[in-house]
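Asks: Just lifted these from TrEMBL, have a look:
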| type | residues | note |
| --- | --- | --- |
| DOMAIN | 152-402 | domain 'Nucleoside phosphorylase' |
| BINDING | ARG192, ARG236, ILE237, GLY238, THR239 | phosphate binding site |
| BINDING | GLN315, ARG317 | substrate binding site |
Amino acid sequence: MQNHNGANTHASLNGDDDVCRYSDHFDSDNEVKEETGNEAVRDCGKKLCIIKKTRYSDGTVRLRNPNIELMDQDILYHLALGSESHDLVEMFGDVKGTRFESVEAVKAKVTEVLNQLAEADFHHCFQQWKSHMERCRDRQGEYIESENVATFVCMGGTPKRMETFAFYIMKEIGHKLPTGTTLTDISQYSYRYSMYKVGPVLSISHGMGVPSIGILLHEIIKLMYHARCKDPIFFRIGTSGGIGIEGGTVVISEKAVDGLGNDCYQVPMLGKIVKRPALLDKRLSRELKALAHPEDPYETVIGTTMCADDFYEGQGRLDGAFCEYTESDKMVYLQDLQSKGVKNIEMEAIPFAALTHHAGIRAADICVTFLDRLKGDQVSTPKEVLNEWQRRPQELVARYIKKYLQTKGRISFDGHGSVAVKSPRRFKLVQQESQTFE
Ligand code: R2B
Ligand code: URA
């Protein structure tokens with residue numbers, strides 16, 4: 001925090017020279033030194049960084065946009081959901097109770113929490129308490145709310161892959177649907193993205209390319225906020241072209257670069273370029289890598305991922321509708337990428353890394369390679385083999401989620417991911433709006 005002279009007032013910082021102010025060095029590896037109000041001091045290894053807090057004290061997502069909480073309703077247009085038309089907490093919150101051993105333990109916890117509250121936290125708590133009371137009233141007192149488990153947001157390009165993943169993860173975590181029900185696409189009326197919910201796991205399609213995943217991320221991050229999901233973890237489960245590695249290899253991205261080698265997401269905003277660092281959570285990547293089995297019939301590697309804006313010329317292919325360079329130009333380019341540690345090329349890593357990082361959300365991008373680009377351009381491997389390869393990143397993510405849930409003693413869940421309507425009138429309007437503008 002700054003005092004009126006502009007100097008920082010954090011106790012752990014000696015002077016302003018050593019401070020990386022409002023840097024975006026959030027990483028779960030970076031030790032938290034101190035938290036005050038809306039800011040936290042983290043040690044990024046080089047400097048102490050003052051970062052904007054992206055969580056309320058209860059672990060729920062704090063948006064870096066003050067406008068949203070002032071809005072009467074927030075329509076997540078491309079998901080066909082709304083904050084007032086749908087009961088997003090009921091649909092996505094996955095609430096479970098915490099038990100305390102004694103009244104003293106409750107008192108100690110309450111005192112601890114109250115002492116840590118900043119003004120904005122207090123306002124947030126009051127809003128939560130009000131909405132909790134409304135829920136109790138609406139359910140004639142039959143409503144208990146407390147600690148959540150993490151929400152796992154898994155996204156991949158196609159609706160089919162993400163439907164398959166939803167069924168697969170359901171089996172893996174032992175999630176049971178109520179008799180006579182089946183998984184449904186929660187965003188079916190958007191006609192844009194598909195979304196399935198299996199206990200604490202959301203499986204969502206993001207389409208192809210930077211703008212498509214960018215729009216989705218804005219709405220999913222807002223969904224996390226509205227639904228009060230705690231400490232969400234995002235995974236992208238994708239496909240890619242490898243550089244110097246065999247088809248079927250799994251690549252966990254260490255960082256993302258664009259087609260010009262920039263490691264940030266450059267967004268034209270109000271006529272100017274705004275740069276956001278495209279950083280992924282290093283610890284999460286290491287944890288995933290550790291879950292690769294030595295007996296897996298394929299390799300799992302960590303490396304840099306290049307995010308292209310196009311599949312053909314943007315990835316140096318010779319087989320697009322146009323090509324104004326030679327095969328040897330292409331090879332020089334790909335070998336240069338390889339020498340810089342680039343292991344694969346896909347089309348979403350930059351906004352995925354940058355927007356999750358900006359929101360303070362731990363995220364990992366895990367892609368299988370469909371071919372080695374040093375050997376060719378066409379994806380000519382049979383479909384059944386590609387389908388088997390596509391499952392590899394899914395298996396790795398499933399191992400992570402299962403391990404997490406096992407450590408929490410939670411391997412099966414209630415709730416079936418159906419739509420919960422809060423206001424029928426607004427619900428109808430949101431559905432109509434999404435349909436009309438399809
Ligand atoms: C990988 O595959 C798609 C292009 O075929 C794109 O979405 C990506 O990142
Ligand atoms: N997806 C890509 O973006 N590139 C490839 O080469 C393969 C899949």
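Note: Cβ is positioned from N, Cα and C throughout, glycine not excepted.
In TrEMBL, annotation is done automatically, which means it is predicted and not curated.
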Asks: When the Cβ positions of the binding-site residues ARG192, ARG236, ILE237, THR239 are compared with the atoms of ligand 1, which fall under 6 Å?
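Replies: List returned for ligand 1: THR239.
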Asks: Using Cα coordinates, what distance in whole Å links THR239 (phosphate binding site) and GLN315 (substrate binding site)?
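Replies: A Cα-Cα distance of 14 Å.
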Asks: Roughly how many angstrom lie between the C-alpha atoms of ARG317 (substrate binding site) and GLY238 (phosphate binding site)?
Replies: 20
Asks: Give me the non-local Cβ neighbours of ILE237 (phosphate binding site): same chain, 6+ apart in sequence, Cβ-Cβ under 8 Å, ordered along the sequence.
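Replies: Listed in sequence order: CYS154, MET155, GLY156, ARG161, PHE165, ILE366, CYS367, PRO393, GLN394, VAL397.
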Asks: Identify which of the following binding-site residues, namely ARG192, ARG236, ILE237, GLY238, ARG317, place a Cβ less than 6 Å away from any atom of ligand 2, and list them by sequence position.
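Replies: Correct list: empty, so none.
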Asks: Quick one: Cα separation, ARG236 (phosphate binding site) versus GLN315 (substrate binding site), in Å?
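Replies: Roughly 20 Å, rounded to the nearest whole number.
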Asks: Using the residues the record lists for phosphate (ARG192, ARG236, ILE237, GLY238, THR239), what whole-number Å value is the largest Cα to Cα distance?
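Replies: Comparing all Cα pairs, the maximum is 20 Å.
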Asks: Please list residues from the chain of GLN315 (substrate binding site) whose Cβ is under 8 angstroms from its Cβ, counting only those at least six apart in sequence.
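Replies: Counting only residues 6 or more apart in sequence, the Cβ neighbours of GLN315 (substrate binding site) under 8 Å are GLY241, ALA308, ILE345, ARG373.
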